[in-house]
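Data first, discussion second: the structure below is written as structure tokens.
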Amino acid sequence: MQHTVSTWNTHFLSFIVLLIRSFPQSSPSPISSLHSPRVDLVQSVNQMVGGGVIQQILRRKLHSQSAATPVLSWFASKKVHEDAAGSSGVRALALLGAGVTGLLSFSTVASADEAEHGLACPDYPWPHDGILSSYDHASIRRGHQVYQQVCASCHSMSLISYRDLVGVAYTEEEAKAMAAEIEVVDGPNDEGEMFTRPGKLSDRLPQPYANESAARFANGGAYPPDLSLITKARHNGQNYVFALLTGYRDPPAGISIREGLHYNPYFPGGAIAMPKMLNDEAVEYEDGVPATEAQMGKDVVSFLSWAAEPEMEERKLMGFKWIFLLSLALLQAAYYRRLKWSVLKSRKLVLDVVN
Amino acid sequence: MNLEKTDFNNTTSSVGLYFIVYSDRAEDEVVDPKKYLEESCKPKCVKPLLEYQACVKRIQGDDSGHKHCTGQYFDYWHCIDKCVAPKLFAKLK
């Protein structure tokens with residue numbers, strides 16, 4: 001990788017040299033037309049590099065790339081000579097030179113960045129997105145079913161209790177029945193022993209593994225994260241999780257993923273430990289909705305969004321109400337202030353010469 | 001809280017909701033709407049697709065293991081995603 005990048009660099013450098021020769025009054029913009037989209041990151045970095053100190057550091061760093069040295073020394077000498085003349089146009093030129101050296105040192109990073117950050121996920125039009133939109137509770141109910149049947153074998157949701165589901169996705173009786181299906185360790189009893197009992201509404205959702213080490217051991221060293229807050233714990237969480245779950249594809253040409261990992265373009269780095277879990281008809285919905293991959297993805301993300309932000313509906317109502325009321329209060333306050341100040345603002349001052 | 005159970009067996013409305021063949025209930029072949037939309041968006045994203053295919057051809061002979069087409073792949077799928085995303089949820093319940 002290293003030698004192919006430095007030949008690219010020298011080719012690029014010669015381009016820059018030509019450019020600078022033809023544009024004496026230079027600014028960073030002529031360079032941008034040369035860029036492939038992949039180097040946009042570098043261009044923004046280029047704009048950041050302006051200081052003299054950075055210039056020095058980068059020049060020293062770049063001296064180690066032998067192919068670039070002769071052109072660099074040309075830059076250095078040009079700067080030294082023309083600094084003596086002291087024209088500001090040359091200063092811009094020198095800054096551009098610094099930018100180029102910055103550009104070169106960051107260009108090796110640019111090519112790795114795409115897979116590193118993962119493919120940017122699109123924005124889906126979630127039904128609960130609007131300023132006064134509530135959750136689709138039928139979707140939350142289906143999403144919980146998907147979680148329970150597909151995800152709960154590896155992912156915990158240890159911050160959600162059965163009672164949280166009451167009134168959101170299930171009736172109290174349904175939630176009680178669901179809780180009773182699990183066994184919970186409780187105690188100590190009067191004899192000092194721990195015992196197991198069927199679950200109650202107040203119990204948390206069951207954890208698949210006793211602790212993180214057990215989870216890692218069972219999953220090839222990777223820890224399936226707790227999902228209670230996952231849509232808040234990831235940038236653009238809702239869209240990211242949906243894109244991730246429905247985005248398992250064949251890797252691009254030239255990328256091979258080792259045994260035990262799977263390719264997912266949305267996952268930073270591209271290689272994720274979790275296999276594709278959502279497959280058509282993996283779950284049979286109670287309400288008869290066809291359980292396609294996209295449908296299950298939407299429902300499970302609705303459920304996870306609710307789990308991370310159960311207060312969302314109340315928050316939106318409260319926000320709407322108080323923003324409205326405070327705007328009225330603002331208008332009232334503005335009027336009152338202007339009323340009181342009108343006395344001072346409408347007075348006249350007469351300046352008279354003292355004889 | 002009472003969640004109504006809708007009888008989906010006799011639904012005739014909602015165009016495009018299921019991708020089941022309407023006239024033939026015997027074939028309950030469910031098609032994932034996302035896959036369907038990704039296929040239908042392919043014509044819109046021909047340019048990045050051709051770029052990707054050109055890249056694949058370019059690196060075919062390479063044995064160093066350092067060459068890959070992630071960039072073109074991302075460009076293509078980003079185009080597809082942008083096309084699919086606004087339409088997908090209309091097709092889902």
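Even glycines carry a Cβ here, placed using N, Cα and C.
Annotations in TrEMBL come from automatic prediction, not curation.
For A:Cys151, A:Cys154, A:His155, A:Met274, the entry in TrEMBL reads heme c binding site. Cβ neighbour count for A:Cys151 (heme c binding site): 22 (other Cβ atoms within 10 Å of its Cβ, all protein chains included).
Taken from TrEMBL, the feature domain 'Cytochrome c' covers A:138-294.
What TrEMBL records for A:1-28 is signal peptide.
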(request) Count the other Cβ atoms sitting within 10 Å of the Cβ of A:His155 (heme c binding site), across every protein chain shown. (result) 23
(message) To see if you understand the setup: which same-chain residues, six or more apart in sequence, place their Cβ under 8 Å from that of A:Met274 (heme c binding site)?
(response) A:Cys154, A:Ala222, A:Pro224, A:His262
(request) Write out, in the order they occur in the sequence, the residues of the chain not among A:Cys151, A:Cys154, A:His155, A:Met274 that have a C-beta within 8 Å of the mean position of the C-beta atoms of the recorded heme c site. (result) A:Val150, A:Ala152, A:Ser153, A:Pro224, A:Leu227, A:Met277
